[in-house]
Amino acid sequence: MHTMSAKKNRRPKHKGSGTIFKNPILEQLTKTHIAIPLTLYTIISSCLIYYGIIEKGFTTPVMILLFFAGMFVFTLVEYLMHRYLYHPQTEKMEEFSHKVHGVHHDYPKDKKRLAMPPILALILASFFFIIYRAMMGDYVFGFLAGFLMGYTGYLAIHYSVHIFKVPGNFLKILWHHHAIHHYRQPDRAFGVSSPLWDYIFGTMPELLEDKKKQQAKAGEFIDPS
Ligand SMILES: [Zn+2]
Ligand SMILES: [Zn+2]
């Protein structure tokens, strides 16, 4: 059985805040105003682009291409991390994932817990810098700038989806997709910035109709509601 089942039964609370650490200083460090990471990563990304063009001599079209490649790869990393790191299938990983992500499922509207602490994100970004640099050399500057802006975009979308009302335009699909992940099917709809990778890897939400058909096939009682 999927280990999320325990969490599935826990009702998300729309007021208050979860506890990650008992130590009040550590606990405080896990709370971030959303404007801080958004500003910080935009500045770092701009510096990377500046450095790539001025110091490394890349042309603007090449930088734009690298930027969008980085952004695209970020959406895949976002999907894989959410699916396998934050919703793991093993008991061992469960404790860790509850600390970093379960608390968001328990308190989805806690504004200060909608971004990981910037210090942690900077350590992760340095780690990605080292890996990408080894893989692609100086192309890393444009690529990581896009990757970081992908993350910034993801943060802005995730924040908006939880805090702001559903918009009346095409963006509403993002609101619905993430609401399904939180309130109906936590083992589906892992993509936040887009449903693309859910579509590719077959984790799109199950439609109610399909679910009923499946249950009927399995001979289960169908709730008429
Ligand atoms: Zn989740
Ligand atoms: Zn969420």
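Note: Cβ is positioned from N, Cα and C throughout, glycine not excepted.
Heads up, TrEMBL stuff is auto-annotated, nobody curated it.
Annotation comment: TrEMBL describes 68-203 as domain 'Fatty acid hydroxylase'.
Counting residues 6+ beyond its ends, the transmembrane segment (34-54) has Cβ neighbours under 8 Å at 60, 63, 66-67, 111, 114-115, 118, 121-122, 125, 138, 141-142, 144-146, 148-149, 151-152, 155-156, 159 in the same chain. Here TrEMBL flags 34-54 (among others) as transmembrane segment.
Among the features that TrEMBL reports, transmembrane segment is placed at 60-81 (among others).
Within the chain carrying the transmembrane segment (114-133), a Cβ under 8 angstroms from the stretch's Cβ atoms is held by residues 29-30, 32, 34, 36-37, 40-41, 44, 100, 104, 140, 143-144, 147-148, 151, 155, 158-159, 162-163, all 6 or more beyond its ends. The feature transmembrane segment is assigned by TrEMBL to 114-133 (among others).
The transmembrane segment annotation in TrEMBL covers 139-157 (among others).
Among residues of the same chain six or more beyond the transmembrane segment (139-157), those with a C-beta under 8 A of the stretch's C-beta atoms are 34, 37-38, 41-42, 44-46, 48-49, 51-52, 56, 58, 62-75, 77-78, 114-115, 121, 125, 128-129, 132-133, 174, 192-193.
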